[in-house]
Amino acid sequence: MLTMAEKRNIFLVGPMGAGKSTIGRHLAQQLHMEFFDSDTVIEDRTGADISWVFDVEGEEGFRVREEGVIDDLTQEQGIVLATGGGSVVSKENRNRLSARGVVVYLETTIEKQLARTQRDKKRPLLQTDAPREVLEALAAERNPMYEEVSDYVVRTDDQSAKVVANQIINMLEER
């Protein structure tokens, strides 16, 4: 088990549908740490859901809010943070994540993303007739950024959230 001194912040990055929120909750529970989801914090602070923020402020307005939330949360101690899929597009966010905790990239396939997100109406970037093409374009843009910022990479395709959380804990303990 990780000691209190070893309980640095754990930041989860990766595409939508990779399991960041679900795995993050398992990690936080098992490590007795506090869990945050940056999208949920944005919704709490604005009093509106992410789709509304996108509709009213556009992606740019959303990203400004996201930068503020990530700046605030990464200054906490002993937390698990599930970031939004596009958070790594901001160089500021990448710098803060790298400097203030251990970054784990949760990797998944486009097929798994489609399966996990197809009924989710809370994903503004997928409200399109061509979600596969959107996910492929996002992967081409963002995957190199996830790799750049991450200390560890874990594939989430065919494993339960609990198994992935245990893998991450084992990796951190070996550190």
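Glycine is no exception: its Cβ is also placed from the backbone N, Cα and C atoms.
Taken from Swiss-Prot, the feature ATP binding site covers Gly17, Ala18, Gly19, Lys20, Ser21, Thr22, Arg123, Gln159. Within 10 Å of the C-beta atom of Ala18 (ATP binding site) sit 27 other C-beta atoms, taking all shown protein chains into account.
The Mg(2+) binding site annotation in Swiss-Prot covers Ser21, and the record cites sequence analysis as its basis. Of all the Cβ atoms in the protein chains shown, 17 others lie within 10 Å of the Cβ of Ser21 (ATP binding site).
Sequence annotations record features per position, and here Swiss-Prot assigns substrate binding site to Asp39, Arg63, Gly85, Arg142. For Arg63 (substrate binding site), other Cβ atoms within 10 Å of its Cβ number 17.
For the binding site of substrate, formed by Asp39, Arg63, Gly85, Arg142 according to the record, the largest Cα to Cα distance is 18 Å, rounded to a whole number. Closest to Lys20 (ATP binding site) by Cα-Cα distance, out of the binding-site residues Asp39, Arg63, Gly85, Arg142, is Gly85. Among the binding-site residues Ser21, Thr22, Gln159, not one has its Cα within 10 Å of the Cα of Gly85 (substrate binding site).
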